[in-house]
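K.L.:
If you look up Swiss-Prot, you'll see Arg21, Arg126, Arg127, Arg166, Ser167, Cys168, Asp169, Asn177, His207, Leu208, Tyr209 marked as dUMP binding site, on the strength of sequence analysis. Residues or ranges marked as (6R)-5,10-methylene-5,6,7,8-tetrahydrofolate binding site in Swiss-Prot: His51, Asp169, Ala263. Per Swiss-Prot, the feature active site, nucleophile maps to Cys146; the stated evidence is sequence analysis.
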Amino acid sequence: MQQYLDLMKHILAEGVDKSDRTGTGTRSVFGYQMRFDLSKGFPLVTTKKCHMRSIIHELLWFLKGDTNIAYLRDNKVSIWDEWADENGDLGPVYGAQWRSWPTQSGDAIDQIAQVIAQIKSQPDSRRLIVSAWNVGELDKMALAPCHAFFQFYVADGKLSCQLYQRSCDVFLGLPFNIASYALLTMMVAQQCDLALGDFVWTGGDTHLYSNHMEQTALQLSREPRPLPTMTILRKPASIFDYQFEDFELTNYDPHPHIKAPVAV
């Protein structure tokens, strides 16, 4: 994951200091892209230990269409705790938009089911897109979508995915985002009987928080290690039937975890 370290270096060298919604302050660049060949290892950062269990459970939670953190809490995942209300609700965040985007007629669109059907029937379509950025419901969300929309692309029997992330916390959030969408691409590829292509990450406001600078320096002092392997142990009937136990991460030998505060 040298690409990830190169992004950090780029922000430190070329970024500008900006204020932000949280009041923390950031060093930021606008517009950056990384590409990961998913056939050459699973893109999970190795210069610090990442909590893959949380990444998997969060993705399964999105795919359930769930927007209450009870499932996450039951599985000891706390990454959404700061934004939930007293009942554990987050409003119509990712899961709601992915699985039940509301229409003017009162119906709802299951974007995940729809895009998989489209990949199977129209693999050359340029409309293989899922969006979480529902302008009409942003004010109801506890946090506006950071990873706003993603697009699939089929070529030579391989499935690729590109994510546009409008706002990116590079130290804490980005390793999760890359791994989550890489895993989602693997799952969709399996469901559509396609080989793995690339995961392309595109960032908008791409930043390091001012209170993550010491942690960033520590991470930059470490040498990346070989990427691990992610294996999906079975092919369930649909994208919605995967269980946590279906995923096996092997050969992950990261440097120690680096703790950092979350900007809320």
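Glycine is no exception: its Cβ is also placed from the backbone N, Cα and C atoms.
These figures come from a predicted structure and were not determined experimentally.
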K.L.:
Near Ser167 (dUMP binding site), which of the recorded positions His51, Cys146, Ala263 can be found within 10 Å, Cα to Cα?
P.N.:
Cys146
K.L.:
Please report how many Å separate the Cα atom of His207 (dUMP binding site) from that of Cys146 (active site, nucleophile), as a whole number.
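P.N.:
Cα to Cα, His207 (dUMP binding site) and Cys146 (active site, nucleophile) are separated by 12 Å.
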K.L.:
Going by C-alpha positions, which of the recorded positions (His51, Cys146, Ala263) is nearest Arg127 (dUMP binding site)?
P.N.:
Cys146
K.L.:
Return only the integer: C-alpha distance in Å from the residue listed as 'active site, nucleophile' to Ala263 ((6R)-5,10-methylene-5,6,7,8-tetrahydrofolate binding site).
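P.N.:
The residue listed as 'active site, nucleophile' to Ala263 ((6R)-5,10-methylene-5,6,7,8-tetrahydrofolate binding site), Cα-Cα distance: 13 Å.
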K.L.:
Hey, what's the widest CA-to-CA gap across Arg21, Arg126, Arg127, Arg166, Ser167, Cys168, Asp169, Asn177, His207, Leu208, Tyr209, the dUMP contacts in the record, in Å?
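P.N.:
About 35 Å separates the two most distant Cα atoms.
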K.L.:
Using a 10 Å radius around each Cβ and all protein chains in view, which of these binding-site residues has the most neighbours: Arg21, His51?
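P.N.:
Highest number of other Cβ atoms within 10 Å: His51.
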K.L.:
Just how spread out is the (6R)-5,10-methylene-5,6,7,8-tetrahydrofolate site if you go by the largest Cα to Cα distance in Å among His51, Asp169, Ala263?
P.N.:
19
K.L.:
How big is the Cα-to-Cα gap, in Å, between Tyr209 (dUMP binding site) and His51 ((6R)-5,10-methylene-5,6,7,8-tetrahydrofolate binding site)?
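P.N.:
Distance (Cα to Cα, whole Å): 20 Å.
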K.L.:
Quick one: pull the CA-CA distance for Asp169 (dUMP binding site) versus Ala263 ((6R)-5,10-methylene-5,6,7,8-tetrahydrofolate binding site), whole Å only.
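P.N.:
Cα of Asp169 (dUMP binding site) to Cα of Ala263 ((6R)-5,10-methylene-5,6,7,8-tetrahydrofolate binding site) measures 9 Å after rounding.
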